[in-house]
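Student: What follows is a single structure, and I will ask about it in a moment.
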Amino acid sequence: MDKIYIISFTQKGAELSLKLHKIYPDALLYGKYPFDNIKMLEKDIKSFTADIFYESRAVIFISAVGIAVRAVAPLIVSKNKDAAVIVLDDNGRYVIPVLSGHIGGANEMALKIAEYINAEPVITTATDINNKFAVDVWAEKNNLYIDDITMIKEVSSRLLRNEKIGFVSEYQVSGIMPDGIVADMQQECGIVIADNLEIKPYPYTMQLIPKEYVLGIGARKDAEYNYLKDFIERVLKENNIDKRKILAIASIDIKKDEKAILKLSKYLNVPFVTYSAKQLTDMQGDFTSSNFVKKITGVDNVCERAVKCFNGSEIIVKKLCENGFTLSIGHKLWQGSF
């Protein structure tokens, strides 16, 4: 889910993809003209895109827009799950976010790319071009789960009609409210940040759930995904944790390609972040030590240390073991800002 692919079809497109590689050094480059870091695009573009789309954070096409649209059209699920799709012409004159402009970050990536290569970004989302508050962008940046994505359109369309949107939060939110957002419950439509989804003070209520929990996971090589999924869901239920409040999964870097954890990351729709043994070892704290784990990984504990490494969360569930997996859960109180 964190991979970025850059696909080109011409010699000039290949050269441009190498420029983009300087912005995104971890990106995977494929093209019809392979050289340097560019691998040969051996499959037809529809088949190749189908193979990579669901594991991608973004797919950048250096091509005609039509090529990109035809490639991704059968793969589109929803705006909160789809990879960002961006198109550049091979002269590098225009950068066009095509899909997941807000939640997926395509607009932000397009602006970054355009600035770097001195191109013109072609942004078409109404809230952006009319300088209105984009609630989906704000929610994404503040680690908030959008309970009903259809409410994005409701809030945005009302702001574009210059209507006021109410705002209520059980959590601390700092900064100055943007134009159109007001802290009251008198509006027809409003935004609520709360854990209790029964709190609906507006006829049209957009509910945002703070993501506050980190799952630290260790795994035996090729352990079964179903065991992991059942393990996680049971422990979450036992600790009264809504899976929509999961912020990320963390582990050691030697597990970055572990299929079960990658599948769980996709299922929960959260990033999977890994750290080196040294980074984990350098973390200070009281951890459940294992000589066996240290012999295999180079660090005495993976799951608890990974939680701490991610954002310094308080460990609320110490190391648990089951069916080849270890699990720890960390919590950090959510705070947002405008």
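In case you wondered, yes, glycine gets a Cβ from its N, Cα and C as well.
Note that TrEMBL annotation is computational and uncurated.
According to TrEMBL, the protein has these features:
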type	residues	note
DOMAIN	49-128	domain 'Cobalamin synthesis G N-terminal'
DOMAIN	133-176	domain 'Cobalamin biosynthesis central region'
DOMAIN	213-329	domain 'CobE/GbiG C-terminal'
Student: When the pLDDT values for the domain 'CobE/GbiG C-terminal' (213-329) are averaged, what is the result?
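Tutor: Its mean pLDDT is 93.
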Student: What are the helix, strand and coil residue counts for the domain 'Cobalamin synthesis G N-terminal' (49-128) according to DSSP?
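Tutor: Secondary-structure breakdown of the domain 'Cobalamin synthesis G N-terminal' (49-128): 33 helix, 20 strand, 27 coil.
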